[in-house]
Amino acid sequence: MDTRHNNSENIILTGFMGTGKTTVGKILAARLEREFVDTDSLIEQRQGRTIPQIFSELGEPAFRRLEAELAQELGQRQGLVISTGGRFMLDPDNVKALSRSGRVFCLVATPQEILARISRDTAHCRPLLEVADPGKQIVDLLEERKRGYQRFVKIKTSGKSPDQISDELLALMARTNLNFPVHGDKERIMARKKLKEHLINREWCKGCGICVRFCPKKVLELDTMEKAVAVRPEDCICCRLCELRCPDLAIEIVVEDENDE
Ligand SMILES: Nc1ncnc2c1ncn2[C@@H]1O[C@H](COP(=O)(O)OP(=O)(O)OP(=O)(O)O)[C@@H](O)[C@H]1O
Ligand SMILES: O=C(O)C1=C[C@@H](O)[C@@H](O)[C@H](O)C1
Ligand SMILES: [Mg+2]
């Protein structure tokens, strides 16, 4: 077995069904030349049953126990890209086991985009979305799970291709010192980004001030309406911590490649 990258932190993808964990995880693993583990697929393979069969024949609690056992097992390993099932990282014991082994990123998408992707993905059945109104179920489940997903660094995926999302993740890991070798395209991924604008959705901003506290350059402040504003955009280093930490998805850092000019 090639052990070149086995002494490195695991990269763990979480997020709601259809946010692209499996798709993006495969790309990341290939680009990092790492072993890829998809928890849903591994459970299916070991059980000799599909997920819908596990749900109908053994029940959802049995599936969650299989996930919990796998979390303990994978938490002992290193150098993996792990795409988890949609609820896997909402179990505190699973979070503890896997967070110790590496870095967790949460893929997010709008409910509309999730519904569109799931509807196109006819090869896979997600038992929790086999209901009369899957659109409403997605909105309800997202609301129920919101706090659980919020604890992780998030990556927006709506309107982006899986390759773009992988690029973003690799750039983010590079900026935040995750020690990994990138094969072939390091220069492209590491290209310095230049700020175009802070896109702040004032309706969604609830004035929590998290972005203000996380910004290392003190670019953001809350205005008199308790909404985030970029008061010193010229100091922005495009680290995107404000965007990644905003619990309401209200900030987007829009960048241009330096080479564009
Ligand atoms: N960025 C994207 N843009 C468009 N379609 C995408 C994107 N990412 C994934 N998809 C498509 O959406 C569907 C669901 O993707 P995927 O299975 O990777 O999601 P998942 O997060 O692993 O879901 P689950 O939690 O159910 O395992 C697939 O058909 C996939 O091709
Ligand atoms: O979000 C969920 O509860 C699930 C997501 C899928 O990845 C599978 O783990 C299963 O369909 C349940
Ligand atoms: Mg998946």
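Using the three backbone atoms N, Cα and C, a Cβ is placed for every residue, glycine included.
As the structure is a computational prediction, the values presented were derived from the model and not from experiment.
Here is what TrEMBL says about this protein:
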- GLY18, THR19, GLY20, LYS21, THR22, THR23, ARG126: ATP binding site (BINDING)
- THR22: Mg(2+) binding site (BINDING)
- ASP40, ARG64, GLY86, ARG145: substrate binding site (BINDING)
- 196-225: domain '4Fe-4S ferredoxin-type' (DOMAIN)
- 227-256: domain '4Fe-4S ferredoxin-type' (DOMAIN)
Measuring Cβ to any atom of ligand 2 with a strict under-6 Å cutoff, which of the binding-site residues GLY20, THR23, ASP40, GLY86, ARG126 qualify?
ASP40, GLY86, ARG126
Which of these binding-site residues (LYS21, THR22, ASP40, GLY86) have a C-beta closer than 6 Å to some atom of ligand 3?
LYS21, THR22, ASP40
Entries of THR19, THR23, ARG64, ARG145 (binding-site residues) sitting next to ligand 1, with Cβ under 6 Å as the cut-off:
THR19, THR23
Using ARG145 (substrate binding site) as the reference point, find which of the binding-site residues GLY18, GLY20, ARG126 has the shortest Cα-to-Cα distance to it.
GLY18
10 Å Cβ neighbour count around LYS21 (ATP binding site)?
28
Residue counts (helix, strand, coil, in that order) that DSSP gives for the domain '4Fe-4S ferredoxin-type' (196-225):
5 helix, 8 strand, 17 coil
I'd like to know which of the binding-site residues GLY18, GLY20, THR22 sit within 10 A of ASP40 (substrate binding site) at the Cα level.
THR22
CB neighbours of ARG126 (ATP binding site) within 10 A?
18
ARG145 (substrate binding site) in three-state DSSP notation:
helix
Can you grab the distance from ARG126 (ATP binding site) over to GLY86 (substrate binding site)? Cα atoms, rounded to a whole Å.
10
Go through GLY18, GLY20, GLY86, the listed binding-site residues, and name the one with the sparsest Cβ surroundings, counting other Cβ atoms within 10 Å.
GLY86
